[in-house]
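Please read the structure below before turning to the comments.
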Amino acid sequence: RCDNATRCIPKSWLCDGHADCQDHTDEQGCALKECGPAEFACRSGQCVALALHCDGDHDCQDGSDEEGCAVPRPLLCREGEVRCSHSGECVPEAWRCDGAADCGDGSDEQVSGAITTPWPTTTTPGPSSSAWVVTPTPPLRSSLAHPLTPVLHLSCPRTHVLCRDGTGCVAQEYLCDGEKDCADGSDEDGCAQLCNTPGRSHSSYPCTLGSCLNASLVCNGRQDCADGSDEGGNCSVPCQRSCAHLCYPSPQGPRCWCGPGYRLAEDGLSCMDIDECMEWDKRACSQTCLNAPGSYSCGCLPGYLLEPDGHICKLTGPEPKLLVAVQSEVLSYGLRSGHEEVVLATDKDRVIFSLDYDLVERKVFWMDLATESIRWQDLHSGKKGTLVKGVRSDCIAVDWLGRNLYWTDGAAGQVLATRLGASWQGIPEYTVVMDGDLDQPHSLVLQPLSGLMYWSEVGSHARLMEASMDGSRRHVLLAQGLGWPTALALDLPAQRIFWLDEKLGSVGSAHLDGSSVKVLKLHWVRSPFAAAVCEGQLYWSERKTWSVQQVDKASGKNRTVLLKRHGQPHGLQVPTWGPPNPGTNGCAKSNGGCAQLCLPNP
């Protein structure tokens, strides 16, 4: 019980590192977590593998695993690494200028005197470039006369705008959105004309110098705008207009205003209800949304609980874990505690490519590139085996309900499937679900409860596709505005599909029927391989920067680098049950009456 005895939260949320009570009582008096005998205890509360202590990399968030190390760091860095200027450790060259400080002294993110290799000074910025150059900022969008001025510091991608202090870039979508994304707040300057744009909320008055003032403060006898533009003029003219809601005086004469949850109509008199549930940009609710006149309310599906902010739904069960393949290992990362552990390891010369998780038998399945086989391991008993050999796959996906495993073969242009319970007997046992008219199928995700599958095609004409799990009723979900959608993820509670586009450097999402498309250009999306959505966050693996990152799934903001390792991350999953659904997966009971393979056809 928390929030002055007005709200109850699951006991599993106590001391999980995230305040779920408004009064933070669930995170007070918490004892530090005890690390296992094979782990190192960070001062920040994390537990990392003991082998990572004094290995030259900061694996603790506070870097405490590299403090007081008796073994001197090597004089030379390994191939593909660079040395930090003051702290002396070696970091992968791919981590330089990636927006996150990996050197203890932060020199990998500084413009000069940072790292032993020279910084680029003449690179022409492309869509995903973050190089330090001496070229001016690209011009701003013509629809907004923004006061951000070009300076000779950081060069931004075409889809971004340079902050006035030259220390960062923000996406054009973030200009004048009410949040300060630049450190100096310059992305919110000069936005006065947006205070009274037709179709927007009319509860604020534009000061001449750029800020927006609450309408009730206008013509009140005090200068609330810095330049005094909210007083004088025609303030004394009485309100005699037929306003639907309110009429306030202004220096330009009486004006109509609308209450919260409404916007002024084009006639300047009427007020229209704002349907917050339809405005994805505002991220009204993370799951279900119910619009009401002048307001709205959020709700959560069974298995979730609404957070104190009234918007985000949080899983009520155990802490969700992120499974990510890094070279020959599979790591488990606690999405609330930040606890990391290796749950699966193969031979060092093998690469775990794509992976997925069986929710029923708690097995991890993965594609082994070296042996061209799909293998599995029980995370509890440690038992392992081979499902099928002699196959090549770009992506695998588990139908935990119908008990099948699917995979894409981009070179052959096929989607194939086999039984989860199959065992390698020397002869491949699988079936071709779809063949022909597939233009390099790549990422694949399943919706077992509905018997549907979604995949991306990255050939000459990129597109997103949907079909029944037996390959029937195939149709195009989206075919416009795509470059190379290499990573897909389903957000079933919100009924949306997400993709990351390597060619365009963007994150996109759409409703599962292909409507309500939203695309955000994010310059740190460079080489995405796999993605997953959990609660309010989008997670993905970046091969070029050897990292796993997260952003707010709706706004693309609050980017965080969760993991960085000496090795490329590939497959990534957050194993969670889907929302309750009557279900149309005909193979869920008795294998659909089939003697061998059953493919759902809802």
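Cβ from N, Cα, C; glycine included.
Unlike curated entries, TrEMBL annotations are predicted automatically.
Of the listed cysteines CYS21, CYS42, CYS47, TrEMBL assigns the disulfide bond with CYS35 to CYS47. Disulfide connectivity taken from TrEMBL links CYS30 to one of CYS15, CYS21, CYS42, namely CYS15. The cysteine that TrEMBL pairs with CYS54 in a disulfide, picked from CYS42, CYS69, CYS77, is CYS69.
Only one of CYS42, CYS84 is recorded by TrEMBL as the disulfide partner of CYS60: CYS42.
In sequence order, the disulfide-bonded residues near CYS35 (disulfide bond) (Cα within 10 Å of its Cα) are CYS42, drawn from CYS42, CYS60, CYS69, CYS207, CYS225. Counting only the Cα atoms, the space from CYS30 (disulfide bond) to CYS225 (disulfide bond) is about 46 angstrom. Taking the C-alpha positions, the distance from CYS60 (disulfide bond) to CYS207 (disulfide bond) comes to 47 Å.
Remote same-chain residues near the domain 'EGF-like' (276-314) are listed as 3, 7, 9-10, 13, 20-22, 173, 259-262, 493-494, 509, 516, 518, 535-536, 552, 554-555, 577, 579-580 (criterion: CB distance under 8 Å, separation of at least six residues from the stretch ends). Cα separation, CYS15 (disulfide bond) to CYS54 (disulfide bond), rounded: 28 Å. In this structure, CYS35 is the one among the disulfide-bonded residues CYS35, CYS225 with the smallest number of other Cβ atoms inside 10 Å of its Cβ. Between the listed disulfide-bonded residues, namely CYS42, CYS47, CYS60, CYS69, CYS207, the fewest other CB atoms within 10 angstroms of a CB are found at CYS69. In this structure, the C-alpha atom of CYS54 (disulfide bond) lies 56 angstrom from that of CYS207 (disulfide bond).
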